[in-house]
């Protein structure tokens, strides 16, 4: 039933009342007219000042003038502006952003610092879970190149400060690890060292021996009495283990020779 049909019904009722000479409105006709008017106001669009259900915009699209619409427009303008900027403008923008970030990080509290690191770690974890093998390799290559460039530019004071921080962080990590984690770390380091030694050139091997000797001399000069005692105990245990393995290897070789001679019938005295 359209709005026009409803109005026609009302007009027909009024004409019937006039033709019957009924000047006063009956309660029944008044109730019928009120019902029809309510129907028109409720179900027909544009019949009242209240918005109709079909006139309400969809919530999936940002409304004009809303915060979501404003942020979407700003992001679009920012993408267009960055696409048109030159390399110098890009470097300037990144430098300003880095300076602002350093300033903001220097003013944050210890709790805010920990929360920021936690958010960054969680975001990196989610990103690395979704990346492919090629993306992971490209990320590692870029990170290694970025680190090499940074190390080439840093001063002696910055380098010393970085080494001290790395050493302190490593000491804390070693103190917090469990015996199982320590054993796994040593095994991984030993395997990585063996792989590196296999692929190194003679010059790299000589440089490695010199570095190891210099590092050992420096360590022996600065070690405490407790460290010296622990080192001697470890050296003695390692020597015993190597001696046992060597004897076991010789025994296995002798057993293999005897077994082969018995199978061939060439063992003397038989």
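Keep in mind that glycine also has a Cβ here, set from the backbone N, Cα and C atoms.
Feature list (source: Swiss-Prot):
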type	residues	note
COMPBIAS	1-10	compositional bias 'Basic and acidic residues'
COMPBIAS	21-40	compositional bias 'Polar residues'
COMPBIAS	64-74	compositional bias 'Basic and acidic residues'
COMPBIAS	83-100	compositional bias 'Basic and acidic residues'
COMPBIAS	113-131	compositional bias 'Basic and acidic residues'
COMPBIAS	154-169	compositional bias 'Basic and acidic residues'
COMPBIAS	182-215	compositional bias 'Basic and acidic residues'
COMPBIAS	225-238	compositional bias 'Basic and acidic residues'
COMPBIAS	260-270	compositional bias 'Polar residues'
REGION	1-270	region 'Disordered'
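For the compositional bias 'Basic and acidic residues' (64-74), the DSSP-based tally of helix, strand and coil residues reads 8 helix, 0 strand, 3 coil. Residues of the same chain that lie 6+ residues outside the compositional bias 'Basic and acidic residues' (83-100) never bring a C-beta to less than 8 angstroms of a C-beta in it. Residues of the same chain that sit 6 or more residues outside the compositional bias 'Basic and acidic residues' (154-169) yet have a Cβ under 8 Å from a Cβ within it are not found. Residues in the compositional bias 'Basic and acidic residues' (182-215) partition by DSSP class (helix H, G, I; strand E, B; coil) as 32 helix, 0 strand, 2 coil.
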